[in-house]
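Right, one structure below, let's go through it.
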Amino acid sequence: MKLMFCQRGASAYPRMPILGAALTFLIQSSDTTLLYLALPTLAQTFGVAVRDMDAVVLSYLAAVVVSTPCSDYLMGRWGAGRVYRWALTLFMLAAVGSASATSLGALCLWRGWQGCGGALMLACARVMLLHGADQRERVRRLNQATAIGLLGTLLGPLGGAACLTLLSWRGLFLLPLPLCLPCLWLPAARSQRLTTPVFDLRGYALIAPALLALLVLSTPSGQRLLSPAVALLAAVIIPGLALSYWRRSGGRHDGIFRFSLLRRHSYRVSLLGNVLVRLCLAAAPLMLSLLLQARGASGGQTGALALLAFSLGALGARLFNGVLLARYGYRRLLSGASLSCALLLIAVAAQGASVSLLLTLTMMLGLCSSMLYNGLNTLAFHDLDDHSYGAGNSLLTLVQLMSMTLGISFGFLLLHADGLSASGTLPIGYDRVFRMMGVGLLLCIPLFFQLEKRIGSTASS
């Protein structure tokens, strides 16, 4: 995208209040939590198996994958504030469409449109949140906004349970709408058009199918859609498309992804760290929930407690994450959080642990993993500026999404490799899965030690 950076100023990226970005993150997190809560009810309504409801999740993720690479171009062409309002309006209309869906296919279609709106509004919110902020201010703003956003994982189950009891599943999709309305007026009123950028259509035609194919191959619902021959063909085509795109766009400044950002050491470490950490940790909350359901007497209630404990720990980490970063810097914070998460996962794998102890370990894991995720996210923007936030955020978002999807798939593959219990319902082999996650996190520590010792700390300012 040929953008004249000298003209990309405050009119392009109006400064978004922290509350506006926080509400955007809250809308997205609560929407996702509400959908997971509604899957059994939706399956019963449409007369399908619960596992077939994965198609609803896949349609949303696929829309995020194809929309995110366009975010930097759209913000450069029409301004982040204007694109944010368009995306939020699309998200709201798609929510109404999802609530009125009469078939599974229609629901998947509306969720796809909602994924497009959600991906673009999150990208715009993050870029506008960071615009004009110095390094110390970026950490503070991201920390405060995402802390409020994490409330969605706590409020979502409570509001969703009440809605399912008092109304129906259709009301779940409408619950985030009251939060959306005030966000329409939060960005700056004037967001002028910039220079006309050039969209790399050929590059998009190469990378979008590769990302979609990788997403389909890495999700259970996607794997069920493909025959073994088609899956094998896709596995062969993906590296070819990716290599073709790399050779075409590696040295370009107008590509879908600006790979020149990888020359910045902190951004490169953040991307690679996000891949490794999410491969190891993405499945942890769900695996802990299944483990506690298998060991607890009350089944689903115990699993819900596990998710609640993890979310509480993640929220608690935001209270002092900025203080620890200012004191110790990214190198020691990320290394210490990785070591702590690894030891906690290995402790979870110990046989004979009580449910109360597992819940305590789960809360501590939520705290340490939140510190790790937040540190990696702020590290990515450490050496970026107002001219590169959009491109950096686009690549970072896709790396996080694909790594998270692959991490969850790998976790379930490891479980299925160990087989099922005699009843065929409760997976076994959790101890091996958690140990492998822990060992994988230990391998991240040498990567983080490549960072300068005081980068991110007060002493480096």
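Glycine is treated like the rest: Cβ placed from N, Cα and C.
Annotations in TrEMBL come from automatic prediction, not curation.
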Pick from 30-52, 145-167: which stretch is listed in TrEMBL under transmembrane segment?
145-167
The annotated transmembrane segment range in TrEMBL, which must be one of 395-413, 414-432:
395-413
Test the contact criterion for the transmembrane segment (201-219) and the transmembrane segment (145-167): 3 or more CB pairs under 8 Å, pairs 6 or more apart in sequence, then answer yes or no.
no
How about the transmembrane segment (145-167) and the transmembrane segment (267-292): at least 3 CB pairs under 8 Å, pairs 6 or more apart in sequence, or not?
no
Is it the case that the transmembrane segment (433-451) and the transmembrane segment (86-106) touch, counting contact as three or more CB pairs under 8 Å in which the residues of each pair are 6 or more positions apart?
no
Hey, does the transmembrane segment (225-246) touch the transmembrane segment (356-374), meaning at least 3 C-beta pairs closer than 8 angstroms, sequence gap 6 or more?
no
Same-chain residues near the transmembrane segment (333-350), Cβ under 8 Å, at least 6 residues beyond its ends:
273, 277, 281, 284, 288, 291, 324-325, 358, 361-362, 364-365, 368-369, 371-372, 375-376, 379, 430-435, 437-439, 441-442, 444-445, 448-449, 451, 456
Contact set, same chain, for the transmembrane segment (225-246): CB under 8 Å, 6 or more residues outside the stretch:
203, 206-207, 209-210, 213-214, 216-217, 256, 259
